[in-house]
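Student: So TrEMBL has the following annotated:
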ACT_SITE  D17  active site, charge relay system
ACT_SITE  H48  active site, charge relay system
ACT_SITE  S206  active site, charge relay system
DOMAIN    8-218  domain 'Peptidase S8/S53'
Amino acid sequence: YRYPASAGKGVTVYVLDSGINVSLSEFGGRAVWGANVINNATDDDSGHGTFVAAIIAGSSYGVAKNASLVSVKCLDKNGEGRTSTVIRALAFVFNQTYNNVTQMAAPNTVVTMSVGGPTSSILNSVVNVLFSVGIAVVAAAGNDADDACQTSPASAIGSIAVGAMDRSDIATNYSNYGPCTNIYAPGSDITSIFANGSVDSLRGTSFAAPHVAGVVSLL
């Protein structure tokens, strides 16, 4: 596909997930470890986060091939986490980027979250705070074939909630939908790279959301 020569250069994407294998050559030194808010692991022991990150900014399959990535681990090796850990991850991003003088976040900051759970007013409020200081927050709509307004963080007003569509640009039968779903992106047979360097294809709104995070990084 065609993309600007800058390809996301100067943009920092915080990936709130299971971690990133930052040593993969796929990232060309543009990925760093930011924080772990769930356990003591120092790597991506699930593979989900690396797969997501490579869709955003990997050299082979990434949308924004020159964007920088910061791993914020809030999911465990089973891809599970609590609302409280996601909130702590968002708080880390805020503390890293907020400028007390300008009262805004650092320019060109993006957050992507391929996570979801029951609606949480507290989590949604934190997302809205990040949005209010200029951070673009992208969230997976969910894979329950249900109303995305029943999940968080997708239901937050300040999030860009992403549903999944297939190769025919039709919403998949598993994607969440409804007024809280802002946009659909490719989510079927998505090829990317796991933490161990293996290549595979997966489906889900988890992999639609990083496409949008990549596009936001190109703007």
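Each residue, glycine too, has its Cβ placed from N, Cα and C.
Remember, predicted model here, so these are calculated numbers, not experimental data.
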Student: With Cβ-Cβ distance below 8 Å and at least 6 positions apart along the chain, what are the contacts of S206 (active site, charge relay system)? List them in sequence order.
Tutor: H48, V52, S114, A140, N143
Student: For S206 (active site, charge relay system), what is the secondary structure state per DSSP, taken as helix, strand or coil?
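Tutor: SS state of S206 (active site, charge relay system) = helix.
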Student: With every protein chain in view, what's the tally of Cβ atoms within 10 Å of the Cβ of H48 (active site, charge relay system), excluding that atom itself?
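Tutor: Its Cβ shell of radius 10 Å holds 24 other Cβ atoms.
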Student: List, in sequence order, the same-chain residues at least six positions removed whose CB sits under 8 Å from that of D17 (active site, charge relay system)?
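Tutor: Residues satisfying the criterion: D44, H48, G49, V52, A53, S71, V72, K73, C74, L75, M113, S114, V115.
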Student: Sort H48 (active site, charge relay system) into helix, strand or coil using the DSSP assignment.
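Tutor: The three-state answer is helix.
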